[in-house]
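The block underneath contains the structure these notes are about, expressed in structure tokens.
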Amino acid sequence: MAPLPEATMPRYFGLSNHRHGDPAAAGVLLVNLGTPDAATPRAVRRYLAEFLGDPRVVELPRWLWRLILHGYVLRVRPARSAALYQRIWTPEGSPLALGTAALAQRLQAALQAQRPGPILVRHAMRYGRPGLRAALRDFAAAGVRRLLVLPLFPQYSATTTASVFDAIAREFAGWRWPPEQRFINDYHAEPLYVEALARSVEAHWQRHGRAGRLLLSFHGIPERNLLAGDPYFCQCQATARRLRERLGLEEPELLVTFQSRVGRAKWLQPYTEATLAALPGEGIRHVQVLCPGFAVDCLETLEEIAIGNHARFLHAGGERFEYIPALNAGDDHVAALAELVLRHGQGWNEFDPGWDAARAQAQQAAARARRERFRDAR
Ligand SMILES: C=CC1=C(C)c2cc3[nH]c(cc4nc(cc5[nH]c(cc1n2)c(C)c5CCC(=O)O)C(CCC(=O)O)=C4C)c(C)c3C=C
Ligand SMILES: [Fe+2]
Ligand SMILES: [Fe+2]
């Protein structure tokens, strides 16, 4: 057959796999930031070009930022970052990629155990691979008609969460029949999330004892984003307040700091680095650091905190530095996300505890019979 002429090519992505009466499925998409494919300057450059080219991440005028990004940042940073990635890379790849995949897998199992309806869990990265487009098209092929998006950023920020929403909206703008959609904005104050953090601190205390300070280090953003209305700073403080209450700590015993500053502009303060460098001078020689904003461990926790800031603290006169790992694919984290997902899916058949596989099968059989009658009648 001759190829379709240009004018009759479908303008929108669609699948012709739909049949009347097919049972619909729900999809839960976990989205994390993304990571390079390899710890090489080349792969890091490709990743950084996509990440830092996003106007949600750097808000400078486009022409100016493009000059700086291509003229300077992408010439210098890839080699430097690749060297840091090499320190944390595993034989199976990037810790962020592995941790996110493991979390999605365990969440799938937890949901399966609690709901008979077909709920498929996949993960994708905002930048790099596995990409959002592939995950959404896989869902379409699996008959997903209801989509719940959970960005793995407990505290909302326009630089992260909103960028995930942008990318999904852009993808669906090219679809003939996008699924029904729900988005989780944040989960910074969810009781089970705070409980999971608290238990991981308590488990650490049981093994290592308590330190003079518990530092909560969150990824920073430019201060001007806060002044322009980004709720991120407030949500970080709210998470910290709830954790402090839950652990029964006094205000000065649990500090909030911000890490990973990029560039020369003022970012959220106090800075993690400066705080750790000052603590030994105040007589605090033993600290424990938790990073509640990172759902799974990654460059920013395993290298910047557990290696870089650890060394800095000792250099400044500190004696003991302990990094408390991210929640990763642990039981409490999985339980917290499962509860969050089930609550946000309420009202959708697949999330209904009364959803009954036998009834769905009967519906399918009836639909099949209708189809056959229709065919015979023609
Ligand atoms: C330049 C601006 C950046 C903003 C704003 C920003 C916000 C932000 N980032 C995370 C989470 C992660 N960031 C990670 C790496 C990373 N972040 C930036 C820059 C900004 N982040 C860069 C340049 C990099 C790459 C590494 C480097 O070159 O230093 C990661 C880790 C990725 C990995 O592969 O392990 C995460 C996760 C949040 C939550 C956030 C705002 C709230
Ligand atoms: Fe970042
Ligand atoms: Fe960093």
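Placement of Cβ uses the backbone N, Cα and C atoms for every residue, glycine included.
Given the structure is predicted, the values throughout are model-derived calculations rather than measurements.
TrEMBL has this to say about the protein:
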{"type": "BINDING", "residues": "H219, E300", "note": "Fe(2+) binding site"}
Next on the checklist: Tell me the coarse DSSP state (helix, strand, coil) of E300 (Fe(2+) binding site).
Outcome noted: helix
Item to check | Lowest local Cβ density (other Cβ within 10 Å) among binding-site residues: H219, E300 | outcome: E300
